[in-house]
Amino acid sequence: MTAFTVYLDQVFLGNMVMNYIILWAAAKISRVPVGKTRLAAGAALGAGYAVVALLPGCSLLLTIGFKTAASIIITAATFFPVPLRKFITCLGCFYLTSFVLGGLVFGVIFFFHAGVITSLSGVGVIINQHLWTGILLGLAAFWAAVKGFNALQKKGLLENIFKIPVLIRTDSKQVKVDALLDTGNQLEDPMTGHPVIVVEYSLLKPLLPMRLHPFFEADGDADIWEILSSLSGCGAASRFSAIPFQSLGKTKGLLLGYRPDEILLEQHGRKPCAVKAVLAIYRKSLFPGGSCQALLGPNLLDPAS
């Protein structure tokens with residue numbers, strides 16, 4: 001059997017770099033704000049696991065069960081605390097970016113190898129020879145792909161693919177907004193359990209009671225509990241509730257939830273479909289230029305919604 005040397009410091013450093021990029025990309029895709037310290041901690045945890053798994057007598061750590069447990073622990077260490085559904089999204093994004101980046105690295109490694117591979121032991125030798133070439137060029141290709149995607153998104157070239165018109169009706173009034181499909185929107189109304197669509201106040205204003213307008217048109221964030229108190233005695237009070245959310249810099253935020261009579265999604269080439277959802281009223285503009293005025297999650301596209 002052909003033997004080759006494994007340098008544990010290179011294994012740790014290579015895995016540290018790869019894991020950091022994987023976790024960073026997973027955070028971007030899942031739209032969960034994570035600081036650099038948490039990303040570095042998760043990356044170091046994964047790199048430490050990779051080193052220990054290569055030590056004599058630790059081959060059990062390379063089984064599927066341990067790999068799955070390690071990925072769950074790494075993801076939890078990086079993204080906790082998040083709701084269970086959001087955590088599952090983060091874990092899925094972690095696996096997705098791992099496979100994509102891993103495939104790029106191995107593709108580059110074997111692309112630079114000239115010759116025929118005659119044995120399985122030769123695979124290890126090839127990887128050892130071109131490891132850093134594969135990592136650096138793989139990361140460069142991954143970075144270029146992400147930057148290219150962002151550039152297309154900024155120019156609005158991808159917008160129509162993910163834009164869904166939404167028709168909202170209350171009593172005899174209706175408004176139509178353009179919603180962007182947002183994989184990071186996993187909000188649920190705590191009262192009904194229905195998915196939440198985040199909508200700009202300016203578009204919903206014609207449907208809302210007049211007494212709510214000053215709260216959203218004043219400077220500063222509106223006090224949700226004060227708004228709900230002001231609705232006491234109003235016939236539309238039962239339509240409103242508080243919806244908790246978290247974002248960068250705010251872990252215990254509240255949005256005002258609103259339940260209209262009907263919400264219709266107008267998907268491309270299909271008949272408008274009624275969905276059970278709650279609207280979260282957002283005071284500011286969601287997108288520069290007003291190209292979209294709402295955010296909806298992928299769970300609303302499920303026929304069972």
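Just so you know, glycine gets a Cβ as well, placed from its N, Cα and C.
Quick caveat, the model's predicted, so the values are computed rather than measured.
According to TrEMBL, the features are:
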type: TRANSMEM; residues: 6-27; note: transmembrane segment
type: TRANSMEM; residues: 39-55; note: transmembrane segment
type: TRANSMEM; residues: 94-117; note: transmembrane segment
type: TRANSMEM; residues: 129-146; note: transmembrane segment
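Within the same chain, residues 18, 21-23, 25-26, 29, 71, 74-75, 123, 126-127, 129-131, 133-135, 137-139, 141-142 sit at least 6 positions outside the transmembrane segment (94-117) and bring their C-beta atoms closer than 8 Å to a C-beta of that stretch. Beyond the transmembrane segment (129-146), the same-chain residues lying 6 or more positions past its ends with a Cβ under 8 Å from any Cβ of the stretch are 10, 14, 17-18, 21, 25, 28, 100-101, 104-109, 112-113.
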